[in-house]
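Peer 1: Have a look at the structure that comes next, please.
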């Protein structure tokens, strides 16, 4: 796990933005209304609060900058040297020192003007002291413009640096430019480093991660190094030198066998000898890359002697090709194993191991006698082992069939199913049928139960249980069946009558309905009333006694009217109906009009008649005091 995370450094504002932010915050977070007729201690406190609040804002923001940026004396030497190469240690320390001085100056200015404000005897004098205090603070910050800009550039560059853990297991690639270092890291990790056929494509450190033996490894790709004195090396080359000097890693020195990088094998060997002091106490592997173009055996004797001398000194030489991936895994395995062994050896040499070993005691029992006591293996196990060696070949596994058949292989697990009827192996059984889970209705003993049922049925048939004649029904059973039929018919009739009564819609009261005499008589008869003497019934007598209704005589006019009223003129045809033939055509026109409006209503377009009152006085721009010299920013 990396101990440094430079991506969390807060943004460093420019001097102008710094001043604007702080003054705006003071205006927003402190009271803004004061009058000269207030008591003098209240006026002093009002302006003291503004000075102290501004000073505290500057102090907090500058302290945040100082605490976020790493201190070169406290971080790992690898990062300290890397920052010295990239940003110049003196310039970096000077910028942070100036920020620290500015913070102390702001604190002193606030302290002095708060002391002076205690003697202010009017609103005007207190206000002028406040103006002077805030002005001096802003001037101090304005003078730090270059330091703030430099620190912001450093912050941006630091946040883009790869996260390298100096203490974890690391493989470090180095060598001349364009020898295949970036191609190698792309093969062994998921890093996507740009690869081009020209030198110095990689201009900074790149990191990729991989797994080996269930451990996490980081692979660092360094920029190419040229063979010249240290003081002549540029910033790009010095990054590689810094990584070689400080990272405890297995070093992979990559050499180009084909010499397509523009440097011969002798030059690459001279660079190796030049930076060899950086390889002390580190596992080293020489990677002879681009063997797909030319191999060591195809080189001249003089060039072959270079690699033989390296092997004689104890450095393993492995031929690789990142194009065909030949030897890449071998290099990775060899480097990782050597680094693991080196780390264990280093820990064993340390004092911490001795402290632990002193607390450990290995108990070894004394030998009782010289009698041999080999492990006991039963004879059955030995015999079975012999049979396994001699007997017929093993049954082919599905994996063996897959390798044998290749693309024609199809995994079929149903062929191993043990069913009573082998033809049912490939029957399709649905999981869900008509909303029910089929597995819930499957009984393992279903066939056994079916056989028992079939035997029971055979016994019943043999006993003559199903031989009864259907025509042997007596008269009593016939009467029961006839009565049941009448009951069913009556039930259906009742249902129909109930449906008639439950008709929807307006109902006419019973008293308002016209009653037919014949219907009334039939209803009475059905209820059991004797209707033989119906002429003397009360409704017949009442009908004879009642008078016939006299019709009112139509009134006639005795005198003809003096004037005749003019009939009302015909109304003008409505516009939405005019020009249409009949009612059907009117309905069709309205339907078409609604369809045409649907799209416009759905989109909700703003029309010419839609009014909108704009906010003519936005509060965030017009709130607060607007005095002379302030209107350019409000």
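From the backbone N, Cα and C atoms, a Cβ is placed for every residue, glycine too.
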Peer 1: Based on the annotations in Swiss-Prot, which residue of 472, 548 is described as phosphoserine?
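Peer 2: 472, according to Swiss-Prot.
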Peer 1: Can you check which of 468, 563, 567 Swiss-Prot annotates as phosphoserine?
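Peer 2: The phosphoserine feature in Swiss-Prot corresponds to 468.
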Peer 1: Quickly, which of 470, 571 does Swiss-Prot have down as phosphoserine? Just give the residue.
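Peer 2: Record says 470.
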Peer 1: With helix taken as DSSP H, G or I, strand as E or B and everything else coil, how many residues of the compositional bias 'Basic and acidic residues' (573-585) land in each class?
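Peer 2: In the compositional bias 'Basic and acidic residues' (573-585), the DSSP-based counts are 3 helix, 0 strand, 10 coil.
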Peer 1: Which one is it: of the binding-site residues 178, 222, 291, whose Cα lies the shortest distance from the Cα of residue 122 (phosphoserine)?
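Peer 2: Its closest listed neighbour, by Cα, is 222.
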Peer 1: If you count other C-beta atoms within 10 angstroms, which of the recorded positions 122, 178, 222 is the most crowded?
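Peer 2: Within the set of recorded positions, the most crowded position is 222.
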Peer 1: Here are the recorded positions: 181, 332, 534. Which has the lowest count of other Cβ atoms within 10 Å?
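Peer 2: If we count Cβ atoms within 10 Å for the recorded positions 181, 332, 534, the smallest count is at 534.
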Peer 1: Just how many other Cβ atoms lie inside 10 Å of the Cβ on residue 103 (N6-acetyllysine)?
Peer 2: 22
Peer 1: Using Cβ-Cβ distances, find the residues under 8 Å from residue 291 (GTP binding site) that belong to the same chain and are at least 6 apart in sequence, listing them in sequence order.
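Peer 2: Listed in sequence order: 257, 319, 320, 321, 326, 327.
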